[in-house]
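Novice: Below: one structure in structure tokens.
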Amino acid sequence: MNFKVPRGTQDILPQDSWKWHKVEQIISDVCRAYRYSEIRTPIFEQTELFQRTVGDATDIVQKEMYTFEDRGKRSMTLRPEGTAPVVRSFVENKMHGIPDQPVKLYYVGPMFRYERQQAGRYRQFVQFGVEAIGSDNPMIDAEVIALALDVYRRAGLKDLKLVINSLGDRASRAKHREALVAHFEPRIEEFCSDCQTRLHQNPLRILDCKKDHEHPLMVTAPKLTDYLSDENAAYFEAVQNYLAALNISFEIDPNLVRGLDYYNHTAFEIMSTSEGFGAITTLCGGGRYDGMTEEIGGPNAPGIGFAMSIERLLLAMEAENVTFENDELLDVYVATLGEEAEKFGFVLTQQLRAANIHTDTDFLQRKMKGQMKTADRQQARFVIVIGETEVEQQVVQLKNMATGEQREVAVSEVVTTIQQLMK
Ligand code: HAM
């Protein structure tokens, strides 16, 4: 029997994993600069957590969750997203009591959604996300957006578009919802079956429909922005002013609704505008979710955050033809000839590694030519050659692969010599 990686998942192989390290490094650097600390939550949670927060009527909860009953007959779900778990942890660990608010958290980890596989859409993907909980100052909305953009910029991306919208508060949304139902109801049979179900469950999602987006009623649909209270509108304007103060350009899209129910006020997405990018252009999505802490039994603590998948970030880099410099290369390859030299070289290899010099040697007793080929393929900066004579005289031949220069070095001086040459 042949086994295959499950549909919608992928192995990250050595030729690519170094790029992931680079992205993870950028993420931790940027988060440290913005003072967001890492949080790690479990990969599965009680199913009800997602039903309550992401929302019963959403595609994620209805169609995409990996839900199972554990041996204790509890319904568990592999996390489809990171916000609900982080907010659960915030409440459970009483983080609202921490003196320094807001609490600024970030996470990197796998999420699971049973979606149709296509380029940029997987069933297991890695999200980097941040959540700032405990402030309803519009300045933090701008901070969170700036942080996301900084990560992309440090990865070398330029073809980016920020789209923002305000979903208002609950009251504004309820009014808008009524207007939407009234708008679509008379002609709802012209829409797809999903939209017909959405009409009373979640009419906002009709605006997001991939099938019916060209229906004339879509264009004339009541816009959320027209239903914002004065307070909501002022909040949205303040967010825009802070973005402008940071020279961050953006577009307002009144139809940006997001696929999760917990949002209010600010919602945003960052898209790739690169020609080479596939059909799915959204790289990152986020927004404000005031009320979520209370929804799950905690005190009032307004929050905002975003998440982006690392897979899509790497795809966007490919589309823009930007690459990282691979610095996970080999410093020294130790090539040996004969049994004595092999052992001698093995010990030296360990000494070099102890000095944090990235070193490898041959384990297949190959001829010198084969060993040199490996050193070449791995782009070793130096090759050490050891034969019987070298063992006898306690020296090695050290070759600088960039210059071709070769010299004899006493074994006791190999480490310091290489350290100096590497500077
Ligand atoms: P989301 O829009 O569902 O929001 O996902 C955020 C990002 O995760 C997407 O923009 C995309 O980069 C990535 N993503 C989602 N699904 C997939 C998939 N199937 N394959 C690859 N990448 C995917 C959330 O998850 C919210 N928790 C974001 C948030 C945080 N809002 C507030 N705080």
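Yeah, the Cβs are placed from backbone N, Cα and C, and that goes for glycine too.
TrEMBL lists these features:
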| type | residues | note |
| --- | --- | --- |
| DOMAIN | 22-331 | domain 'Aminoacyl-transfer RNA synthetases class-II family profile' |
| BINDING | Glu81, Gly82, Thr83, Arg113, Gln127, Glu131, Arg258, Tyr262, Tyr263 | L-histidine binding site |
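Are these features on the surface or tucked inside, and what are their neighbours?
Specialist: Cβ neighbours of Glu81 (L-histidine binding site) (same chain, under 8 Å, six or more residues apart in sequence): Phe50, Val54, Ile60, Met111, Gln127, Gly129, Leu260, Ala307. When secondary structure is read from DSSP and collapsed to three states, Glu81 (L-histidine binding site) falls in the coil class.
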Novice: Considering each pair of residues in Glu81, Gly82, Thr83, Arg113, Gln127, Glu131, Arg258, Tyr262, Tyr263, all listed as binding L-histidine, report the largest CA to CA distance in Å, no decimals.
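Specialist: Across Glu81, Gly82, Thr83, Arg113, Gln127, Glu131, Arg258, Tyr262, Tyr263, the widest Cα separation comes out at 21 Å.
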Novice: If you count the C-beta atoms lying within 10 Å of each candidate's C-beta, which of the binding-site residues Arg258, Tyr263 ends up with the smallest number?
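Specialist: Candidates: the binding-site residues Arg258, Tyr263. Fewest Cβ atoms within 10 Å: Arg258.
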Novice: For Gln127 (L-histidine binding site), list the number of other Cβ atoms lying within 10 Å of its Cβ atom.
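Specialist: The Cβ of Gln127 (L-histidine binding site) has 22 Cβ neighbours within 10 Å.
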